[in-house]
Amino acid sequence: MLYLIGLGLGDAKDITVKGLEVVRRCSRVYLEAYTSVLSVGKEALEEFYGRKLILADREEVEQEADNILKDADISDVAFLVVGDPFGATTHSDLVLRAAKLGIPYRVIHNASILNAVGCCGLQLYKFGETVSIVFWTDTWRPESFFDKVKKNRRNGMHTLCLLDIKVKEQSLENLIKGKKVYEPPRYMSVSQAAQQLLEIVQNHRLQGEEPAITEETLCVGLARVGAEDQKIAAGTLQQMCTVDLGGPLHSLIITGGNLHPLETEMLSLFSIPENSSESQCIDGP
């Protein structure tokens, strides 16, 4: 049996009792290590689970999935995912591969960022399509996701923005040379995402278009949701540019406009003080 087990969002103890029981009896246990991270490292998980974990990076999962599935038809293999197993589409591919090989599978769900964002007070059924915001480079500055933000806003829906994670990434030079040298991990912050969004807003204005959002659009920044030190900040997109929510992981919500009174009241608990929006960030790094 192949088990796909969600680990939740906080630390080692967020795994379900059912999931922990399975982990402790499996012959091999893989930890998916590129779509998200917990606030604790692999060693803390191993200590709590009482099992050695095999790190599975993007290359392992996407190109060498057969290694993970090896002997899963005659023994139990666990594949651990931060959040919920299907929070990332990559893991559907693993299930399809197992099915083609005649390997049975079972999913043990857990909390993911897709439902835990309700902690800020915005109502989950008012969220539209989720988008991802990636780190821009000198030569690659994608804006296509903004069409989904525009569509959500037009329908009065909130947009959850998942922010980029760069883990075990190679520089272009090392990639070309075939060197297995990896860059230090990078995690996009709410302020970085807000800065890129404001540049997109500015680009739309320069093209004579009315942007779907402005500097004054109400947004919510979230950091380390599910952890004891989680932080939430509600304010304008401009304010989000200078807010410091600490370490990863961060998420950003662009509200859909007309808020329910309960949403407004809940967001007031996390309001950024007015004077924190004084510094401009459109030209920031």
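Placed from the backbone N, Cα and C atoms, the Cβ positions cover glycine too.
Because TrEMBL annotations are produced automatically, they should be read as predictions rather than curated entries.
Per TrEMBL, these features apply:
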| type | residues | note |
| --- | --- | --- |
| BINDING | LEU9, ASP84, GLY87, SER112, ILE113, LEU163, VAL225, HIS250 | S-adenosyl-L-methionine binding site |
| DOMAIN | 1-239 | domain 'Tetrapyrrole methylase' |
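What TrEMBL annotates, mapped onto the structure for a quick look.
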residue : record                               : contacts (Cβ under 8 Å, 6+ apart)
LEU9    : S-adenosyl-L-methionine binding site : LEU38, VAL82, GLY83, ALA111, SER112, ILE113, ALA116, VAL225, GLY226, ALA227
ASP84   : S-adenosyl-L-methionine binding site : GLY6, HIS109, ASN110, ALA111, SER112, LEU114
GLY87   : S-adenosyl-L-methionine binding site : GLY6, THR35, SER36, VAL81, SER112, ILE113, LEU114
LEU163  : S-adenosyl-L-methionine binding site : SER132, ILE133, TYR187, MET188, SER189, VAL190, GLN192, ALA193, LEU249, HIS250, SER251, LEU252
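The Cβ neighbour count for VAL225 (S-adenosyl-L-methionine binding site), using a 10 Å radius and every protein chain shown, is 22. Ranked by Cβ neighbours within 10 A across all protein chains shown, the binding-site residues SER112, ILE113, HIS250 are led by HIS250. In the predicted model, residues of the domain 'Tetrapyrrole methylase' (1-239) average a pLDDT of 90.
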